[in-house]
Each structure stands twice: as C-alpha cells, then as structure tokens.
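Below is one structure, written out as structure tokens; the observations come after it.
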C-alpha cells in the first residue's frame, strides 16, 4: 500500500473509532441517567375543591388537606415495566387511606390513584436511594406530610375554611413566614357569576436532599413540570394575587 493511501486509511479508521466511542459514551450516559431531575414537588390538595371540580363523583370529602403527589420535576413515566404492587405498601395502607386518599372514589379497596402516582412519578423519584422502592416512596411522602403539617400551619395562622374571602397575598405571607420558603399555590378560577377564585392546591418544593426550597423556576430555564389538576373542563392554575380567595368548607350542590 502506498504511503498516501496508508495515511488516509489510518485516518479513516481513527475517525470511525472516535465516532463509535462517542456514540457508546452518549448511550452509556443516557442509560445511567435517562431522566434527570433536580427537585421534588410535594402537592397537597383541598378535597372540597377537588369535589367542586367533579361533584358527581365526590361524596363527603375529608375536611383536611390531603396528599396529591410527590413529583420530580423534568421527569414522568420513567419505568413502564416497574408495576405498582399494593402488597409492597401493605404496612402503610392505614396511613395511605387517611393522608393520601382517592378523594373522587371513596372505596377503601381502590388503589388506582396510588398506581397512577407511582407509574407517573414514583418510578422517576426512585433514582434517589431514599425513594427507590414503592414502600420507601409512599412512606417518605407520608413522613413529609406529617413534617410539613400544612393543616396545622394554616390553623395557627387563623386561615380556615370560611364563607368569607381571603386575600391571596395574606395566605402566601403566612406560609412563607412559617416555612421560610415560598410554596406554589393553585386555585380554581371563578366560574360564571362568581367573583372569587377557590384555593385548591399547595405545593412545597424539596431538593434531592429533601430540604425545603422555594418553588420557583430554576435559574436559566423554565420549569417543565406542569403540576396542574384537571377534572373535566375545570383546571387549577397559579392563584391570582388580585382576586378574593374562597376556602370552602363544604361542596356546594350544583343545581
């Protein structure tokens, strides 16, 4: 083989090897970290508002804030082969039914809500060792719920269900003063003929070390986790600071 041809032959093999190495490295990194996320949203919802959004399926909702979910940002449905198995959380069932009930379907044997939360969010949260099983994931959520004690915080601040309206900035100030961070508060917008928004969901944000942080978009990027609750045509969105806020004590009948 002539020197010139040998030179090009060697260069060709070099670039092929380099491309293969890069492709292999990219695949390996993607395989190890297929769903990168940076923080957890721990969502509480107000069952009375959930029922207002879908009253036909709701009967006698709890009169305390309950868990909606524990959600990594930037990740959903991370492992479709890791199926929910209620027997893995059998020791938690009593607490789950109390703190994390299926508000819309009151049957004690119904587990579809928990299955949905595990499939969509738990399989992603499981990249953390403290959340890497179904028992750890649901158990840690209950532990965080008890630690946050949103119900107790609101009562201490004098914020309780009422027929009177609250000012959203006052609710935000009370929560920020109590927790030292700013949570995300979502409301049901006023329906036709209403003047007030209805508080529906309060989300606290945690780092991967499970430390409370502000629920604000990360610097240099938007927050891709759209943690909205939608039932039928009703949908929660970030509360409006200028609208009066209704904190309902019971579900009103829709005539």
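Just so it is clear, glycine is given a Cβ too, placed from its N, Cα and C backbone atoms.
Curation plays no part in TrEMBL annotations; they are all automatic predictions.
The active site annotation in TrEMBL covers 68 (among others). Taking the Cβ of residue 68 (active site) as centre and 10 Å as the limit, one finds 24 other Cβ atoms among all the protein chains shown.
Taken from TrEMBL, the feature active site covers 117 (among others). Listed in sequence order, the residues of the same chain lying 6 or more apart from residue 117 (active site) and placing their CB within less than 8 Å of its CB are 69, 70.
Feature annotation from TrEMBL assigns active site to 121 (among others). If you draw a 10 Å sphere around the CB of residue 121 (active site), it holds 26 other CB atoms from the protein chains shown.
As annotated by TrEMBL, signal peptide applies to 1-22.
In this structure the C-alpha atoms belonging to residue 68 (active site) and residue 121 (active site) are separated by 11 Å.
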